[in-house]
Amino acid sequence: MRGGLWQLGQSITRRLAQADKKTIGRRCFASDAELKKTVLYDFHVVNGGKMVPFAGWSMPIQYKDSIMDSTINCRENGSLFDVAHMCGLSLKGKDAIPFLEKLVIADVAGLAPGTGTLTVFTNEKGGAIDDSVITKVTNDHLYLVVNAGCRDKDLAHIEEHMKSFKSKGGDVSWHIHDERSLLALQGPLAAPVLQHLTKDDLSKMYFGEFRVLDINGAPCFLTRTGYTGEDGFEISVPSENAVDLAKAILEKSEGKVRLTGLGARDSLRLEAGLCLYGNDMEQHITPVEAGLTWAIGKRRRAEGGFLGAEVILKQIEEGPKIRRVGFFSSGPPPRSHSEIQDSNGQNIGEITSGGFSPCLKKNIAMGYVKTGNHKAGTNVKIVIRGKSYDGAVTKMPFVPTKYYKP
């Protein structure tokens, strides 16, 4: 198991570094002084957080326990993640919905107030600029969270299109929530622990739903969502209240919910079959190729009206040439860019994320293969450091999701 632990840590560190480099462009690693710090930085250090550079921020990759143990504890009990490096923003105005629908694939107008969905910002070629969770707070207020490594390009993209939209009379404005921090509470104890800190009945709040409410005495935005496959919440809290809220959550859990870093967060999302932007989704990959056709609303498929719609709708009709799929494999864990071959040794694609699954105790990976090689059970070869190992296409998620639904 020691070998598995080492391989897990190595593969996660490489995978996060790979996504970091791709999303923030070529640069030397910043010195500690240049890295941005969340308001929980000192709290992480005091609690044994091992801090690493990620998307221009100093973030904990793990704490005193191993990545393996942290991953399992999230699924058995719970985890608290600092995700304040991510960027929350609000769009407001009577035209906020038609404005955002020009940039994303979701049927935003069709969302009920207080509900949200995963979506993708697309470019003119149908490729993914970023993925995001968006929420319709009201018909004239949208709340969304974008990835830390994509913040600058996302905001520039939104601002450019907003200027054009407003010049034609559109009513939309934005606010970037730099005054707030974001915590993610995940796992089976998430709801019972959080319930101790709010008067609102969380049993009536389901996956994808959003509320503005007081938690631990602070006005919060609460979304029942996450990046682990477990039930849980993302909590946007005023930054001056973030440390107290983190302490209260850990205290109410009586030690069962643990502070958890980027390492376990990555293994959890991989087990849940979720994309990491910069690895599994990039500017040349469309939502259809990434297996996110379900996120394109029925009305949007009929009407289009978003960037790259012509390319994407054609792929829906004719089928994409490549598809994102999951794999089990033998040998060492597959790495990003590992070649995938068919049984005749012909190249059919490449791995985008891979590692040793702490919960399944075996190798898992995802990647893109040519259509026709994408069906579950298809045997493949995965080339790692010049040597071929047996693999098989499998359905995702690798670990069943536990989202709280009615």
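Note: Cβ is positioned from N, Cα and C throughout, glycine not excepted.
Those TrEMBL annotations? Automatic predictions, nothing curated.
Feature list (source: TrEMBL):
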- E234: substrate binding site (BINDING)
- 40-298: domain 'GCVT N-terminal' (DOMAIN)
- 323-399: domain 'Aminomethyltransferase C-terminal' (DOMAIN)
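A simple way to gauge crowding: the CB of E234 (substrate binding site) has 23 other CB atoms within 10 angstroms, across all the protein chains here. Secondary structure by DSSP for the domain 'Aminomethyltransferase C-terminal' (323-399): 0 helix, 44 strand, 33 coil. Along the domain 'GCVT N-terminal' (40-298), the predicted structure has mean pLDDT 98.
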